[in-house]
Amino acid sequence: MKWVTFLLLLFVSGSAFSRGVFRRDAAHKSEIAHRYKDLGEKYFKGLVLYTFSQYLQKCSYEEHVKLVREVTDFASNCAKDESAENCDKSLHTLFGDKLCSLPNFGEKYAEMADCCAKQEPERNECFLQHKDDNPQLPPFKRAEPDAMCTAFQENAEAFMGHYLHEVARRHPYFYGPELLYLADKYTAVLTECCAADDKGACLTPKLDALKEKALVSAVRQRLKCSSMKKFGERAFKAWAVARMSQTFPNADFAEITKLATDLTKVTQECCHGDLLECADDRAELAKYMCENQASISSKLQACCDKEMLQKSQCLAEVEHDDMPADLPALTADFVEDKDVCKNYAEAKDVFLGTFLYEYSRRHPEYSVSLLLRLAKKYEATLEKCCAEADPHACYGHVFDEFKPLVEEPQNLVKSNCELYEKLGEYGFQNAVLVRYTKKAPQVSTPTLVEAARSLGRVGTHCCALPEKKRLPCVEDYLSAILNRVCLLHEKTPVSEQVTKCCSGSLVERRPCFSALPVDETYVPKEFKAETFTFHANICTLPEKEKQMEKQTALAELVKHKPQATEEQLKKVMGDFAEFLEKCCKQEDKEACFSTEGPKLVAESQKALA
């Protein structure tokens, strides 16, 4: 496309869109009435419960239900008469006033008490800053199948309310509309399985799959919110352009830009705690996409036939459209054109956005992070070359310079999937744990174990996929998990190597972590026998908790001996596994642990000497 024609098209479509999909608030006297009517009472209540649970993570379900009931009754009255008292107040004002009026708020949430002295929007910003990514809450344990089904059948609404509350307060940035979708799926599973002859056999695999989906969704949304907060809307919009260009390669750049702008607004609203607006605008975006399928994708119809929640989620996960068969070589517009520097100088964001769009739609097999790194490399090359006497001679081989950037994640995927296939998930997690403990031994052992277990699941998520889907799956998943590592590390920074990777560009973060060497500045921990002393209770732990106990011991061994070889660690952990198996078979298990434990510790010290 000729550049002048393209700029004109973008200007016209952009101007039209500025009056577009989401510009509706002025027509409503009452924002809360508007959202209540749009969403319906069921979803309105769910989102209000979720909002309060995200902000007040220590409150009980019963306390939140009382707040939800009061807000819903108020919204219902405003829907009947939008000019009624206080109905014209903003949602931030209404919700903030409700939080600050709670009895004993200052005692229970002393760290947030100062927020209530502020005015909007500073008050809401203050509440957001106090969301805790790692709240000190007990692990959420699933009830036995019979007890679960009894509670669900006695009061399905209360049962699902508890589910929303518990997920929300543990994941204060979870994407609100998606949590409602998962709650609906949860309800469907319980309805089906509680009528089955073997409730447990029906429930366990289905609920395990939903839990895994929720955990992955939580870290992915947290990455989006981190990106938005740290680098602003422009960075997120670039992510959205790349992602949507891959999914909708037949849509033109103006359409992709429009969709990316909308998605950025929706994501910003959810990250900002504006869940009612976020859910409402997400539904509006889905409506727009379904009304404009012809200009977006041929794969949308099945999604568009679904009801609101399912429709939006289906569109978010829709398969890639078929790539156009006649796409010209990219070099024509971005390398060979004599006006490359002129076009870049006249409209940098548009020119780079077009490059990202064109490159992304041709490479659905790349991760979004990789595509953004390539765009960053292209931008840096133009910045350098367009200032030189012969720009084309300078940037003429820029596409050749992309090769090492592409090969690095491809090699990462190949080597890690081969290791996963050889070791299985648990063995692969252990390999990752050793690798990252050596890179950042100062990080707390629980954080290292959590990170390694999450990073290790990348094999299960991605390595069985077709080759063309592996790279985007692996790198985008790793980026989300490493973002959580960074968030936890920011609270108590202990490793300069981790700080270096976490403080840089988001798209460079995964390569930075992958390239980290063993931390040679680390002074090994003193060997303490009590760290490796176990008791009979380990024998009755669920398999997951037993694995975590063993992984904790493994991390501590590496911290004691960072230079330990793979063979040394394998020998020690093999002896440890035999020790557990032997003692857990004994009638007097504790006596076995007391007798054999010190021997194991002595042998381990000797093996690592």
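Numbering starts at 1 and runs along the chain as displayed.
Any Cβ shown, glycine's included, is placed from N, Cα and C.
Per Swiss-Prot, signal peptide is recorded for 1-18, and the stated evidence type is sequence analysis. Marked as domain 'Albumin 1' by Swiss-Prot: 20-212. What Swiss-Prot records for Glu31, Glu269, Asp274, Glu277 is Ca(2+) 1 binding site, and it gives similarity to another entry as the kind of evidence. The Ca(2+) 2 binding site annotation in Swiss-Prot covers Asp38, Asp280. The disulfide bond annotation in Swiss-Prot covers Cys100-Cys116, Cys149-Cys194, Cys193-Cys202, Cys270-Cys278, Cys303-Cys314, Cys341-Cys386, Cys417-Cys463, Cys462-Cys473, Cys486-Cys502, Cys501-Cys512, Cys539-Cys584, Cys583-Cys592 (among others) and is backed by sequence analysis. The domain 'Albumin 2' feature in Swiss-Prot is assigned to 213-404. Annotation source Swiss-Prot lists N6-succinyllysine at Lys230, Lys544, Lys589. What Swiss-Prot lists as N6-methyllysine is Lys559, and the listing cites similarity to another entry.
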Near Cys270 (disulfide bond), which recorded positions out of Cys100, Cys194, Glu277, Cys341, Cys486 have their CA within 10 Å?
Glu277
Around the recorded Ca(2+) 1 site, report the further residues of that chain (criterion: Cβ within 8 Å of the mean position of the Cβ atoms of Glu31, Glu269, Asp274, Glu277; site residues excluded), sequence-ordered.
Arg35, Leu91, His272, Leu275, Leu276, Cys278, Asp280, Asp281
So what's the average pLDDT for the domain 'Albumin 2' (213-404)?
95
Counting across all protein chains, other CB atoms within 10 angstroms of the CB of Asp38 (Ca(2+) 2 binding site) number 19
Tell me whether Asp274 (Ca(2+) 1 binding site) sits in a helix, a strand or coil according to DSSP.
coil
Running the recorded positions Lys230, Cys303, Cys486 through a 10 angstrom C-alpha radius around Cys512 (disulfide bond) leaves none
Looking at the disulfide-bonded residues Cys100, Cys193, which sits with the largest number of other Cβ atoms within 10 Å of its Cβ?
Cys193
Determine the Cβ neighbour count for Asp274 (Ca(2+) 1 binding site): the number of other Cβ atoms within 10 Å of its Cβ.
23
Residue among disulfide-bonded residues Cys193, Cys202, Cys417, Cys502, Cys583 with Cα closest to the Cα of Cys278 (disulfide bond):
Cys502
Do you see any of the recorded positions Cys149, Glu277, Cys303, Cys486, Lys589 whose C-alpha is within 10 Å of Cys501 (disulfide bond), and which ones?
Cys486
Spatial neighbours, same chain, of Cys417 (disulfide bond) - Cβ under 8 Å, 6+ residues apart
Gly459, Cys462, Cys463, Arg470, Val474
Rounded to a whole number of Å, the separation of the Cα atoms of Cys473 (disulfide bond) and Glu269 (Ca(2+) 1 binding site) comes to 26
If you count other CB atoms within 10 A of each CB, which of Cys386, Cys502, Cys592 wins among these disulfide-bonded residues?
Cys502
Rounded inter-Cα distance in Å - Lys544 (N6-succinyllysine), Asp274 (Ca(2+) 1 binding site):
36
Closest by Cα to Cys583 (disulfide bond), out of the recorded positions Glu269, Asp280, Cys386, is Glu269
